[in-house]
Structure formats: structure tokens, C-alpha cells
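Step one of this worksheet: look at the structure below.
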Amino acid sequence: MTYKITSLAGDGIGPEIMTSGLQVLEAVAKKYNHTFEIESHPFGGAGIDVAQDPIPSSTLKACQDADAILLGAIGGPKWDNAPKRPEDGLLALRKALGLFANIRPIQVPSSITHLSPLKKEIVENTDFVVVRELTGGLYFGEPKHWDESAAVDSLTYTRAEIERIIEKAFEIAATRNKKVTSVDKANVLASSKLWRKIAEEVASRHPDITLEHLYIDAAAMLMIQRPTTFDVIVTENLFGDILSDEASVITGSLGMLPSASHAENGPSLYEPIHGSAPDIANQNIANPMSMISSVSMMLRQSFSLFKEADAIDAAATRTMQAGFLTADLGGNTTTTDFTNEVLKQIEGGE
């Protein structure tokens, strides 16, 4: 079968780690006899440079026509004063594709537990997923206004928006440890009261999955105190933005973690959680793990190529266990050498 993928390398370290990700994809294609048609297009600052737009029309069309999209990283000081910033392109892409669910898996490999800011006995065996709603809440609610004397943001959610994101969380939990933690502020916010009610309704349709509710402040504390207690966390846009970034710090490096954004229909977007890191761009020292893991996540969630995704994950784990660690993990392995070892492990693995 042929899979059509749009590659958006972006800015900063994006092109370097995208090269790593695509090399891994090519290795999988060769080993398991798949065909991946890859189209590369400018996006973010690179889009501004060539078309004065962070998401040129040709890039958007390629994304809409793809089976899945890989994104490296966007942004940098070069475009801080541009009429349209690189980040505007990502918001536009999410809207155009109808991406409503951001999925961020949080795992701490045993080879790097010492890098976590948490004690080893707290962080060991951490394995949970944050499911964040992307289309509603304070970021998009109207009215939205500010001037020198006052400002207003609106936290708005519809039943349909809440129900589909909570259903997505239960769908994911069904493939894991069958527990969903719904995070809200139902003791204060009207939107959270509706959120909690709908969560209970969805849970009633999934009797084999446990639902618990936590207020956002309690969830933020528990994530640090006992991260292993979580399986799938689901929450609204602002809370999800904060919690997913808090969760990412548990691993000790942003260079480790992938994410996925899903629509109800159409292609999904896979990307590392970190930024473009312009300070280390073009030095061959960026950690490509988050991009490699994004490729694995794409194979698993968009194409149901589970064996192939497992092969990538196992190869990356063996690479780190063998001592191939980039600078952010306390080592001195280059981007190229890390990638080459992963490729070697894929080729020689089961």
C-alpha cells in the first residue's frame, strides 16, 4: 500500500530532525516493503521567506491532500516582527484541517530517569497520555477584546466539542489501562460544570473504563507527586496547554516527546513538542528522538502499522541503552550518529 505524507521541516532545528525522521521512515519502508510518497513544503518562517505567508497555498493544499503530515519545528527571532508570524501558520493549519484533539504521550525510558527533575522512585514507570481539546475555550471564544482600561476573554464550549474530545480520550484508554482522568474547574466555571456532566454521560457508554474527575490545581500537583497514577488525562484547551507542558518536563528533556493532532476526518499532524531551538540549529547536536517518535506515532495512529512502529520504538530504546545520548541527555552524540545507530538497529532488529 502507498501512503502519502506531507513533510513540513520548518525552521531552526526542524530541517535537521526532519531528515532523521524521514531516514527512519525510509528504513521502515525498505524492511517491511511499504511505499511512502513524501512531499516537502515550506511552512512557518520558511513559508514567509519564500511566499510572505507562513502557510503558502501550495503547502496547505498538500496538507489537505495527504494521508498524514509530519512537522519539524517553526519560529525564530528572524520573524518576530513579520506581519504574519510562523505560529500563525500553525493555527491556520489546525483550523483548515479541523484538528480538534492534541495527543501527547509521556513516557520516561529507564535509560534517562536520572535526568528527570523528579526522584527516580517517583518518575520510574511513568506512562500516560494527555488529550487536549484544540478548538474551543479561551483561545477562540468571543467576545475577545482588550484596551488600556480593561480586557475580556470568553471561555466557550459547546456540547459537541466537549463530547468528541472526551470520546477520543475513552477511545485511547480502551487500548491502554482503561482509566480516564477528566480535568476541569467545575467548582468555579460554568463550562467545567457542563464538561463534567458530559464526561459522566460518555463514561456511561464505556462501563469497562474507569472515569475520575480532578480539579486543574489538584491534577497539576498530582502530576508531580505521583505521575504513575495517570493513564489518560483529558481536558480543555487552556488547562491542556499548561498540563501537557508540565508533563513534558517530567522526562528531563523536551527533545524526547512527540505529539499528534487529530481531526474527525482527514489527515492528522505529527510533530515534536519542542520549539525550533535556533540557538543550536545547524550544529548537528539536536536530539532527533522526538521527530523519530513522531514518525512512530504516525505509523501507529494514522496507518495502523503497529509492528513497524514497535520496531522504531525498540530501535530507539536500544540506541539510548547503548549510550548514544545527545547533549540534552548528558551525552555528546551528534544528531547524525544517533540517527545512524537507530537505522542500524532497525535493520538488524526483529
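Count begins at 1; order follows the chain as displayed.
Note that Cβ sites are derived from N, Cα and C of the backbone, with glycine treated the same way.
These figures come from a predicted structure and were not determined experimentally.
Under the heading NAD(+) binding site, Swiss-Prot lists 76-87, 275-287. Here Swiss-Prot flags Arg94, Arg104, Arg132, Asp217 as substrate binding site. The annotation Mg(2+) binding site is assigned in Swiss-Prot to Asp217, Asp241, Asp245 on the grounds of sequence analysis. Swiss-Prot lists Tyr139, Lys185 with the feature site 'Important for catalysis', giving sequence analysis as the kind of evidence.
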- Message: Name them in sequence order: residues not among Asp217, Asp241, Asp245 whose Cβ is within 8 Å of the mean position of the Cβ atoms defining the Mg(2+) site.
- Response: Ile216, Ala220, Leu238, Phe239, Gly240, Ile242, Leu243, Ser244, Glu246
- Sorted by position, what residues of the same chain at least six away from Lys84 (NAD(+) binding site) have a C-beta under 8 A from it? Ile48, Gln52, Asp53, Pro54
- Candidate with sparsest Cβ neighbourhood (10 Å radius) among Arg132, Lys185, the listed recorded positions: Lys185
- Message: Say we define neighbours as other CB atoms within 10 Å of the CB. Which of the binding-site residues Gly76, Gly275 has the fewest?
- Response: Gly275
- Note on the structure: Cα-Cα, Tyr139 (site 'Important for catalysis') versus Asn287 (NAD(+) binding site), nearest Å, comes out at 31
- Measuring Cα to Cα, how many angstrom lie between Gln283 (NAD(+) binding site) and Asp217 (substrate binding site)? 40
- Item | Cα separation, Arg104 (substrate binding site) to Asn287 (NAD(+) binding site) (Å, whole number) | 18
- Pick from Gln283, Asn287: which of these binding-site residues has the biggest number of other Cβ atoms within 10 Å of its Cβ? Asn287
- Distance [Cα-Cα, Å, rounded] between Arg132 (substrate binding site) and Gly76 (NAD(+) binding site): 25
- Task: Sorry to bug you, but what's the C-alpha spacing from Lys185 (site 'Important for catalysis') to Asp217 (substrate binding site), rounded to the closest Å?
- Result: 8
